[in-house]
Every structure is written in structure tokens, then in C-alpha cells.
Amino acid sequence: MAKVLVLYSSPLNKGKSISCFATKKFIEEYKKNNPDDEIKELNLNDLEMARTGMNANNFSNFFDEEFSNKYIEMLKSIDKLVISAPMINFNVPSVLKTFIDRVAVANKTFSYKYSKKGGAIGLLDHLKVQIIATQGAPLGWYLWANHISYLEGVWDFLGAKIAKSILIDGTKVEPFISLTNEEIIAQKADLIKKAAADF
């Protein structure tokens, strides 16, 4: 039995968010293949630790027990992590960026201590990560904006194994803009089903 943590980061409520719809569909399919797995869901918008980004006024206690260590230990206690990530202003939502800032801590989730070549060693090498991403623009419109690449890079740096990411792009242009969230996800059902089976 695997322990799975699901992180939601959309600033939209779950009824309006395409990334939430896609993630819910993924979890639904995942449960069919892994009925005994333990699944916990967290909406980062509901967590105080994710709502206040790092700044000069909070840096001294940014990595404290309640807001940092607690979630690092949570990551160490699970087997799989599912990240629901819409693109907001060409990047991940601020609550997701803050979550990453809180858990990317030297000698806890990565280390240079034992590196023989100067690079970091990720300490979350037990973890498998599935990224489920959405963006309003079609893929390739803004080559400098790639939130999936950022997320894959961060979790690879922390040592995790990265499953093939799911991207639903072009949600703010035709043909998707004229469809409901349910209709959009229905068109991606096979992609989501395969990813859930592989994860």
C-alpha cells in the first residue's frame, strides 16, 4: 500500500479550476488501479505556510518547525506526490512556489555534503512525482514560460523520480474556450487514464 499526497494550488475554486478537474479525474482513475492506497489531499490555499512568501521580514523564521519541518517530514513519509499546477502569469501559483521554498532546505531535502562532483544530492529519492499542469496559451506560444520544466527540475533536484507530466494547454483559446471543464477533461481522458495506470 502506497501513501499518496495530492497538492492543489489553483487560486480558482475547485468548481471552476481545470487543473483541479484534471487532478480529480486522475485520482479517480488511480484509485481504480490502487484501491488500497492511502490518499491525502491538501489545498495549498488553505495552508498558512503557503500563503506568505519569503521576504526580509520573515526570513529568520521561514524554515521553522510548523511551516517547514512539518511538511518536509510529510514528504519523507509518503511514497507518491501529485501536484496540480495551473500556469498563473507564466509561472506556478504563488502558493506552490512558497510550498517549494519551505521544503527545499539544505541537508533536509538536498545536500552538498556527500557530493563528489560538486552538485547537490537530492534526499527525497524515495518519492515519485506526477505533475498535472494546465495553461491558457497553447504550448510553444511563450517559449520562455514553462512551469512544467521548472517543477520537473525542482523535484529532480530534490531526488524524486518524475513521471511523465500531464499538460492540458490552450484552455483560453479555441476550441477549449468554448467547452466546459468537464468537456475539456473528457477530451484528455485517455491521456489521464494512461498516466494514472503508469503511476
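In case you wondered, yes, glycine gets a Cβ from its N, Cα and C as well.
Where the annotation comes from TrEMBL, it is an automatic prediction and has not been curated.
Per TrEMBL, these features apply:
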- Ser10, Ser17, Ile18, Ser19: FMN binding site (BINDING)
- 3-175: domain 'Flavodoxin-like fold' (DOMAIN)
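Distribution of TrEMBL features across the structure.
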residue: Ser10; record: FMN binding site; Cβ within 10 Å: 24
residue: Ser17; record: FMN binding site; Cβ within 10 Å: 20
residue: Ile18; record: FMN binding site; Cβ within 10 Å: 25
residue: Ser19; record: FMN binding site; Cβ within 10 Å: 26
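A coil conformation is recorded for Ser17 (FMN binding site) in the three-state DSSP classification, outside any helix or strand.
Ser10 (FMN binding site) falls outside any helix or strand according to DSSP and counts as coil. Cβ proximity to the FMN site centre (mean Cβ of Ser10, Ser17, Ile18, Ser19, cutoff 8 Å) flags the following additional same-chain residues: Leu12, Lys14, Lys16, Cys20, Phe21, Ala22, Thr23, Ser84, Pro86, Thr134. Mean pLDDT across the domain 'Flavodoxin-like fold' (3-175) comes to 95 in this model.
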